[in-house]
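A.B. asks: What follows is a structure written as structure tokens; I'll ask about it next.
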């Protein structure tokens with residue numbers, strides 16, 4: 001009986017299990033565009049701020065909405081949210097310098113490209129010429145947070161699904177690439193050193209051994225992040241959707257991808273649900289509710305081992321601290337529709 005009660009509690013239609021899991025360090029909130037990811041991530045951050053010493057909310061979506069949600073301007077540096085002393089927010093600038101990513105091994109005050117020898121400017125140009133620079137910038141911020149450990153828990157308000165999946169792949173891709181570069185450096189290092197002469201320095205005065213060491217340090221840090229992302233005690237992903245075919249299809253695709261990356265996900269927030277009263281004369285409302293119920297039934301059938309949170313379509317926009325706080329309460333206390 002105790003185990004059955006535990007299962008029932010675990011699968012409660014709330015995000016309370018995330019608040020109760022004190023080991024969590026990384027929480028991703030993602031889904032298709034326009035389903036309420038930002039509102040959900042802001043609301044979850046507000047709830048977490050009641051339980052944790054320090055919370056950081058990061059927007060990795062190029063179309064930043066955190067400033068709009070809180071009615072407060074945020075930028076690339078973490079800033080306290082008005083009315084909170086332990087909740088900060090920031091919006092990563094996708095057009096910012098890729099140097100942040102390459103600087104993860106540099107000392108404070110040091111030119112981030114210095115450790116990369118003559119390849120610094122070349123790598124920067126290359127980075128901006130390839131797709132996925134948004135993901136690279138987001139990941140650079142993750143590396144910074146891993147090194148600083150300034151916040152107890154970090155929530156990511158992610159970009160639409162495709163960007164998010166590329167971002168979550170980024171650590172594995174980077175780790176493999178840097179591992180290969182390190183291997184080649186060790187293999188051809190002696191030959192290169194013989195060309196460089198007795199000083200063993202690159203044309204701009206940097207030492208080849210220092211370059212290899214910095215790349216190895218970066219690879220180790222990325223490996224650490226990769227390990228944390230795949231640890232269910234440290235990382236989880238909250239899927240946000242609406243009860244429509246395309247959103248449900250995108251959610252299923254995302255969950256399959258997350259499973260293939262070994263990233264934990266056990267929570268789904270279904271937004272914009274209609275709850276018309278029984279004798280409601282509105283034909284459109286009743287027809288839409290009927291359609292929503294069909295997809296909601298599919299969600300509950302497909303994800304019977306998930307915490308499925310049902311959120312109502314509200315009359316007003318959820319903007320500003322007060323409305324977000326009110327919305328956030330429904331993430332931990334199931335919404336009861338009026339009869």
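For all residues, glycine too, the Cβ spot is worked out from N, Cα and C.
Just so it is clear, the model here is predicted, and its values are computed rather than measured.
Found this in Swiss-Prot, in case it helps:
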type	residues	note
BINDING	32, 33, 34, 35, 36, 37, 38, 39, 244, 271	ATP binding site
ACT_SITE	61	active site
BINDING	282, 285	Zn(2+) binding site
A.B. asks: If you measure from the Cα of residue 244 (ATP binding site), which of the recorded positions 61, 282, 285 is the nearest?
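C.D. replies: Result: the closest of the recorded positions to residue 244 (ATP binding site) is 285.
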A.B. asks: Could you work out which of the binding-site residues (282, 285) has its C-beta surrounded by the smallest number of other C-beta atoms within 10 A?
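C.D. replies: Ranked by other Cβ atoms within 10 Å, the binding-site residues 282, 285 bottom out at 282.
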A.B. asks: Under DSSP, is residue 38 (ATP binding site) part of a helix or a strand, or is it coil?
C.D. replies: helix
A.B. asks: Could you state the whole-number distance in Å separating the C-alpha atoms of residue 282 (Zn(2+) binding site) and residue 61 (active site)?
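C.D. replies: Their Cα atoms are separated by 37 Å.
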A.B. asks: Between any two of 32, 33, 34, 35, 36, 37, 38, 39, 244, 271, the residues recorded as binding ATP, what is the biggest Cα to Cα distance in Å?
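C.D. replies: In whole numbers, the farthest two Cα atoms are 19 Å apart.
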A.B. asks: Measuring Cα to Cα, tell me the gap between residue 34 (ATP binding site) and residue 61 (active site) in whole angstrom.
C.D. replies: 12
A.B. asks: If I take the alpha carbons of residue 38 (ATP binding site) and residue 285 (Zn(2+) binding site), what is the distance between them in whole Å?
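C.D. replies: Cα of residue 38 (ATP binding site) to Cα of residue 285 (Zn(2+) binding site) measures 26 Å after rounding.
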A.B. asks: Using C-alpha positions only, work out which of the recorded positions 32, 36, 61 is nearest to residue 285 (Zn(2+) binding site).
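C.D. replies: Sorting the recorded positions by distance from residue 285 (Zn(2+) binding site), the top entry is 36.
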A.B. asks: Between residue 36 (ATP binding site) and residue 61 (active site), find the distance joining the two CA atoms and give it rounded to the nearest Å.
C.D. replies: 13
